[in-house]
Amino acid sequence: MKARPVRPSRARLLPRFCVCGLGLFAATWLLHGFNGTGGSSARITQTQTTRPPARPERKQRRQGAILLHVLCAVYMFHALAIICDDYFVPSLEKISENLQLSEDVAGATFMAAGSSAPELFTSLIGVFITKGDLGVGTIVGSAVFNILVIIGICGIFSGQSISLSWWPLFRDSSFYILSILVLIMVIYDEKVQWWESIILISMYGIYILIMKFNQALSGWVEGRCSRGGQACLSSLRRTTAVDACPVGGQDPGMAEEQQHHQLSVSERQRLIEARGTEDGPAGGEEMGGGSADGGGARARWLIAWPISLLLYCTVPNCRLPRWRRWYLITFLSSTLWIAFFSYLMVWMVTVVSSTLGIPEVIMGITFLAAGTSVPDCMASLIVARQGMGDMAVSNCIGSNIFDVLLGLGFPWALRTLIVNYGSVVYINSKGLVYSVILLLASVILTVLSVHLNRWRLDRRLGLSLMALYAIFLLCSIGFERL
């Protein structure tokens with residue numbers, strides 16, 4: 001596969017230079033205008049059982065000012081996508097290169113952190129600032145969104161029927177199901193202790209080892225399941241044009257499968273960077289093309305230039321030759337911006353939740369989950385359009401494993417071991433346990449649907465998964481009202 005061209009930086013200069021004044025004005029207005037409105041209503045403590053009395057600013061929000069909070073939260077989604085794709089992930093790639101990590105280990109650690117940074121920081125804010133279930137709800141909702149909606153979108157809009165390989169889906173879904181079972185046991189009593197958070201983090205360490213020895217494990221499993229020289233899992237393997245005999249103990253289907261897995265990490269970010277360019281069958285014409293595409297590009301340019309200029313002036317781009325050795329500064333500064341954007345996002349969503357009387361866990365499962373999953377959705381759809389279904393599915397499930405084990409385990413361990421040793425993190429929402437059980441059911445049903453669809457990713461499978469997501473939302477809302 002040839003390397004994807006990176007868009008020239010000159011095409012982005014004009015919008016960045018136009019953003020400075022508006023960006024500073026918007027930041028000042030936010031800090032001044034929301035300081036009084038968001039202070040008490042945005043922070044929901046563990047012991048709070050009733051909402052504060054109505055205030056004049058709440059009345060204004062109910063009369064239409066709440067739309068400003070919604071627009072600000074949506075814009076923070078876009079800002080998080082920009083900072084992650086253009087600065088945070090490239091810095092993680094440089095760190096992986098300097099640490100000489102293998103592709104699999106880098107993908108399971110730094111690249112997973114890059115795509116899941118919004119969920120991780122949302123979880124941190126939920127544990128230490130709002131002290132509610134917004135972070136847990138976001139990760140659970142994002143996990144279901146990744147499994148059902150993103151894979152469903154890939155099936156509906158890929159424009160082709162894609163054959164899937166058995167090993168990536170078997171490996172990731174098996175470990176993911178185990179992770180969800182452990183999470184259910186952790187939060188079942190509605191409190192999290194320090195040793196439970198250590199279990200979650202340790203499980204992610206095991207997953208890194210599995211990725212490290214991925215090729216050896218796949219060969220071992222294939223050998224254990226073979227009978228009389230015929231692999232019993234051959235019906236689950238990617239179908240190839242020529243079904244040749246095994247060479248050296250590994251057939252071409254397995255070799256192709258391994259190749260696709262090895263390409264997944266190195267190509268993924270290049271595909272994200274090239275999502276606005278025309279390149280092959282996944283280019284501009286298929287994505288919209290023509291004058292409409294040009295108009296959409298201009299609109300995205302106008303919307304993104306304030307954030308782009310702000311980041312251009314404050315974060316060194318380590319992809320450029322002159323900033324190549326500044327990748328640690330890029331990592332630190334982009335981390336601070338992700339934390340700031342996540343804080344604003346959670347703040348706005350909490351204000352919306354308080355104003356409209358919507359439980360924060362529902363806002364996390366729906367609104368925040370969809371917003372923080374946009375980068376993964378774009379990456380998976382692009383690779384699915386190019387016929388790489390294994391990469392699209394592995395991207396979704398692998399990101400979920402990071403969210404569940406580290407996105408939840410790390411903030412809980414930080415709270416119970418370092419910030420306040422021996423403390424307990426309480427789960428306030430009784431319906432959240434049922435939502436996690438629904439998450440487990442969604443994974444099992446997804447794998448079953450893929451099997452019943454003869455291991456093909458197509459429109460029929462996509463529509464089925466979208467229907468399952470609608471059922472999940474209805475059930476989650478119903479459980480929260482119990």
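Placement of Cβ uses the backbone N, Cα and C atoms for every residue, glycine included.
Features as listed in TrEMBL:
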- 42-52: compositional bias 'Low complexity' (COMPBIAS)
- 71-211: domain 'Sodium/calcium exchanger membrane region' (DOMAIN)
- 327-477: domain 'Sodium/calcium exchanger membrane region' (DOMAIN)
- 40-60: region 'Disordered' (REGION)
- 66-84: transmembrane segment (TRANSMEM)
- 105-129: transmembrane segment (TRANSMEM)
- 135-157: transmembrane segment (TRANSMEM)
- 169-188: transmembrane segment (TRANSMEM)
- 194-210: transmembrane segment (TRANSMEM)
- 326-349: transmembrane segment (TRANSMEM)
- 361-384: transmembrane segment (TRANSMEM)
- 391-412: transmembrane segment (TRANSMEM)
- 432-452: transmembrane segment (TRANSMEM)
- 461-479: transmembrane segment (TRANSMEM)
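Tertiary neighbourhood of the transmembrane segment (194-210): same-chain residues 105, 108-109, 171, 175, 178-179, 182-183, 186, 217, 401-402, 404-406, 408-410, 412-413, 416-417, 421-422, selected by CB-CB distance under 8 Å and a gap of 6+ residues from either end. Contact check: the transmembrane segment (169-188) against the transmembrane segment (391-412) gives at least three Cβ pairs closer than 8 Å, residues 6 or more apart, which meets the contact criterion. Within the chain, the transmembrane segment (361-384) has long-range Cβ neighbours (under 8 A, six or more residues past its boundaries) at 73-74, 76-77, 80-81, 84-85, 115, 118-119, 122, 126, 132-142, 144-146, 149-151, 153-155, 157-158, 162, 267-268, 271-272, 275, 282, 345-346, 349-350, 352-353, 391-393, 395-396, 399, 429, 431-432, 435, 457, 473, 476-477, 480.
If you look at the transmembrane segment (105-129) against the transmembrane segment (391-412), you find at least three C-beta pairs under 8 angstroms, all six or more positions apart, and that counts as contact. Simply put, out of 66-84, 326-349, 432-452, 461-479, 461-479 has the most Cβ pairs sitting under 8 Å from the transmembrane segment (135-157). The highest tally of CB pairs under 8 A with the transmembrane segment (66-84), across 326-349, 391-412, 432-452, is held by 326-349.
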